[in-house]
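As recorded in TrEMBL:
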- 342-354: compositional bias 'Low complexity' (COMPBIAS)
- 322-354: region 'Disordered' (REGION)
- 15-56: repeat 'WD' (REPEAT)
- 57-88: repeat 'WD' (REPEAT)
- 99-140: repeat 'WD' (REPEAT)
- 141-182: repeat 'WD' (REPEAT)
- 183-224: repeat 'WD' (REPEAT)
- 225-266: repeat 'WD' (REPEAT)
- 267-299: repeat 'WD' (REPEAT)
Amino acid sequence: MAAPCPEDPSLERHFKGHRDAVTCVDFSFNTKQLASGSMDSCLMLWHMKPQSRAYRFVGHKDAVTCVNFSPSGHLLASGSRDKTVRIWVPNVKGESTVFRAHTATVRSVHFCSDGQSLVTASDDKTVKVWSTHRQKFLFSLSQHINWVRCAKFSPDGRLIVSASDDKTVKLWDKTSRECVHSYCEHGSFVTYVDFHPSGTCIAAASMDNTVKVWDVRTHRLLQHYQLHSAAVNALSFHPSGNYLVTASSDSTLKILDLMEGRLLYTLHGHQGPATTVAFSRTGEYFASGGSDEQVMVWKSNFDVVDYGEIIKVQRPPTMLASSSGNLPEVDFPIPPGRGRSQESVQSQPQEPISMPQTLTSTLEHIVGQLDVLTQTVSILEQRLTLTEDKLKQCLENQQLIMQRTTP
């Protein structure tokens with residue numbers, strides 16, 4: 001058997017610990033942690049450092065359907081079939097606050113890029129937006145006529161996109177709370193949707209076995225892929241915007257080259273449906289989960305360049321690309337250093353860190369610590385409320401006993 005090409009994705013490690021199908025995965029911002037949720041009602045927090053201990057978070061009363069790290073990485077949100085959302089501090093204690101977000105299964109949770117708000121989607125046919133701190137309800141978006149499977153903020157936080165079993169993808173303006181456009185091209189339930197890193201286009205996965213990409217400015221269908229032989233359950237954009245990875249019930253993961261509008265790789269690893277997939281924030285890794293109860297971490301290998309520089313210049317495709325026929329030209333500028341030879345994939349020398357970058361890093365750290373402090377206060381408040389309720393109940397019981405014993 002021939003040795004794999006160094007540019008091919010490779011299975012880096014796999015994690016076993018869930019006792020039922022894995023439903024969701026997400027990397028922390030620094031890629032040091034990977035969270036996964038499962039039908040077993042548990043959340044697992046895996047550490048990318050070898051031989052590190054994994055944490056099992058218990059709290060949800062039913063299947064965990066979705067998970068998302070806050071931009072700072074100091075908070076972790078999860079949604080469940082128990083109709084609640086929990087906000088966790090992802091450390092060994094595994095403390096969390098909980099709130100009843102919907103009247104049916106919560107299918108999706110996603111933090112805004114500023115970390116200040118959270119969007120949730122549910123089988124109750126609504127999309128809801130909450131403040132992260134104290135989990136205050138802000139507003140609801142209610143035009144879907146069937147279960148809402150997924151909802152995401154745009155990178156700049158101005159738009160929200162949602163995917164539903166009503167076979168539509170809806171684009172919403174966060175400020176006006178109006179539906180800007182409905183995309184109706186899918187022939188079955190839309191299982192997943194996300195924004196391109198540039199924020200100017202979206203990709204959606206469906207039970208009709210296809211993936212479609214639209215421009216959110218013109219609402220034009222840009223690309224259409226029919227590569228899987230079963231439902232596409234999830235997708236994730238590489239942070240460069242050049243690639244898209246998909247997970248399907250046909251048990252495979254597929255990596256698409258969006259610049260050339262073609263299939264790059266088909267990966268076989270899961271036994272049974274691949275239910276979820278997500279790139280790390282740098283794109284160096286991607287993780288997948290399946291009904292086989294396994295979480296797999298793959299090394300990308302196919303785009304080892306300075307990701308920060310790529311993200312600055314990426315634009316979405318502007319011409320229709322299909323998975324069959326001639327390869328069209330698409331409006332993706334090729335960043336310096338991207339190529340197929342060993343010489344062309346070497347990292348560019350890094351410039352010394354300037355004072356503004358150091359200041360930004362310090363501010364991000366402070367914001368992250370404030371997230372944790374605010375969440376700790378919320379946890380203490382919930383505990384205090386529970387204690388007060390118990391004390392009231394004890395006093396009431398004591399008064400009843402005294403009344404009964406008094407002649």
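Cβ atoms are placed via backbone N, Cα and C, with glycine included.
Whatever TrEMBL says is automated annotation, not expert-curated.
Put simply, of 15-56, 57-88, 99-140, 183-224, the stretch with the most CB pairs closer than 8 A to the repeat 'WD' (267-299) is 15-56. Sequence-distant contacts of the repeat 'WD' (15-56), counting only residues of its own chain at least 6 positions beyond either end whose CB sits under 8 Å from a CB of the stretch, comprise 62-69, 71-73, 76, 78, 80, 88, 90-92, 94, 273, 275-282, 284-285, 287-297. Across the repeat 'WD' (99-140), mean pLDDT in this model comes to 96. For the repeat 'WD' (99-140), same-chain residues at least 6 beyond its ends with a Cβ under 8 Å from one of its own Cβ atoms are 65-72, 75, 77-81, 83-85, 87, 146-153, 155-157, 160, 162, 164, 172, 174, 177, 367, 371, 374-375, 378.
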